[in-house]
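Enquirer: Straight from TrEMBL, here's the annotation block:
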ACT_SITE  A:LYS96  active site, schiff-base intermediate with DXP
BINDING   A:GLY157, A:ALA184, A:GLY185, A:ASN206, A:THR207  1-deoxy-D-xylulose 5-phosphate binding site
DOMAIN    A:5-249  domain 'Thiazole synthase ThiG'
Amino acid sequence: MRDFYGTTLANGFMLGSAQYPSPAILADAFKRSGASVATVSLRRESGQDRAGQDFWHLIRDLGVHILPNTAGCHSVKEAVTTAHMAREVFDTKWIKLEVIGEEDTLQPDVFGLVEAARILSEDGFQVFPYTTEDLVVADRLLHAGCEVLMPWGAPIGSGLGLNNIFGLRAMRAHFPDVPLVIDAGLGLPSQAARAMELGFDAVLLNTAVAKAGDPAAMAEAFATAIRAGQLAAIADPMEPRDMAAPSTPVIGKAFLE
Amino acid sequence: MILQINGEPVDVQIDTLADLLVARGFGEAKVATAVNGQFVPATARADFVMSDGDRIEVLAPMQGG
């Protein structure tokens, strides 16, 4: 498995921490998932209830790698400032860089993304850019200092799966040595398995688990699918073909007409 | 002077960002700060003198995807 800025992960499951029905269900889902990375965010701390402090203790106790995001940022300045604040709070160089460019699809502003990635990489961050499957943008991100790419499967929270298998397969083939993560859009474990079968190194998802009727069970389902897909990729799948080919030997077949 | 703390106007007689955080109960809390859109590291809070109208953001760990 390719490493992520020198860190080898136990598995290819990165799980978001938002939208769970309760903190207890969140913790249960993470335990059942065995996920190696948890994504987190920063928001205004309210004066009284100190929700952020309780959440921090919960996440820290999970014992997973922490990947803070810049979710909701629409400008380079906003994303860069948020990244700096996240680095201090979470004490990590990792940043899931989101520069959102369009409200309906939440697709990245790839121009701002490249600029923010360059600024942050030069400042010592290890950037995980949320991008599209565009190869030219991917190349610009690598030149900006990124050593990981995170193309979307489908719009965030849509559950549509892998919208552009051709583009994702091309990306995998074009950057054989770059750790690639499918980030966003997955709705079902089978879609995660497909991503891993294509040779992706990890998947990052949130809503599909958090909004399931039983988040912990769905977390385990995804973990199993991710493992299956990864094993399949390692096992070197057969090439599909249009015509049938008998699997049972023809030679030696009895003549019974 | 009037400050905007996380979007809320607050009337305070406090000079530095560090003292403001203590007064608002964030002294020991895991938070990051920005003033007028600029990140202010924890190490710079004690020397950071605020001005009337400053917009203070106090951010904490939160759920995210």
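Keep in mind that glycine also has a Cβ here, set from the backbone N, Cα and C atoms.
Describe the structural context of these features.
Expert: Cβ contacts within 10 Å of A:LYS96 (active site, schiff-base intermediate with DXP), excluding its own Cβ and spanning all protein chains shown: 28.
All chains included, 18 other C-beta atoms sit within 10 angstroms of the C-beta of A:GLY157 (1-deoxy-D-xylulose 5-phosphate binding site).
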Enquirer: Give the sequence-ordered list of residues that share a chain with A:THR207 (1-deoxy-D-xylulose 5-phosphate binding site), lie 6 or more positions from it, and have CB atoms under 8 Å from its CB.
Expert: A:GLY16, A:GLN19, A:ILE156, A:GLY157, A:GLY159, A:GLY187
Enquirer: Return one of helix, strand or coil for A:LYS96 (active site, schiff-base intermediate with DXP), based on DSSP.
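Expert: Strand, per DSSP.
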Enquirer: Compute all pairwise C-alpha distances among A:GLY157, A:ALA184, A:GLY185, A:ASN206, A:THR207, the residues listed as binding 1-deoxy-D-xylulose 5-phosphate, and give the largest one in whole angstrom.
Expert: 9
Enquirer: Check each residue in the chain of A:GLY185 (1-deoxy-D-xylulose 5-phosphate binding site) that is at least six apart in sequence and keep those whose C-beta is under 8 Å from its C-beta; list them in sequence order.
Expert: A:TRP152, A:GLY153, A:ALA154, A:PRO155, A:ILE156, A:GLY157, A:SER158, A:GLY159, A:LEU160, A:GLY161, A:LEU162, A:ASN163
